[in-house]
Amino acid sequence: MALIRKTFYFLFAVFFILVQLPSGCQAGLDFSQPFPSGEFAVCESCKLGRGKCRKECLENEKPDGNCRLNFLCCRQRI
C-alpha cells in the first residue's frame, strides 16, 4: 500500500515539474534577435492566421489589435 502511494506521489511530482517547464514559444523566442529581413521571431499569428504579431507594422500593413504586451497584430492593407 505504501509503495503505491509513494509511486503516485513521485509521478505527480514529476508531472508537476514537467508542466512548469516553458515551451519554445514561452522560453524567450518572442524577444529573440530580428531576422535579416527585420521581422522578429514570433511564435503565433493573430486574427485566425490573417495577421502577424510584430513590435512595429511594416509599411504595407496596418495595426489591427494587440497580440501581447508590446506587440501589435499587423494585417496586410487592402
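Using the three backbone atoms N, Cα and C, a Cβ is placed for every residue, glycine included.
When Swiss-Prot is consulted, the disulfide partner of Cys67, picked from Cys25, Cys43, Cys53, turns out to be Cys53.
Cβ contacts within 10 Å of Cys74 (disulfide bond), excluding its own Cβ and spanning all protein chains shown: 23. Taking all protein chains in view, 22 other C-beta atoms sit within 10 angstroms of the C-beta of Cys73 (disulfide bond).
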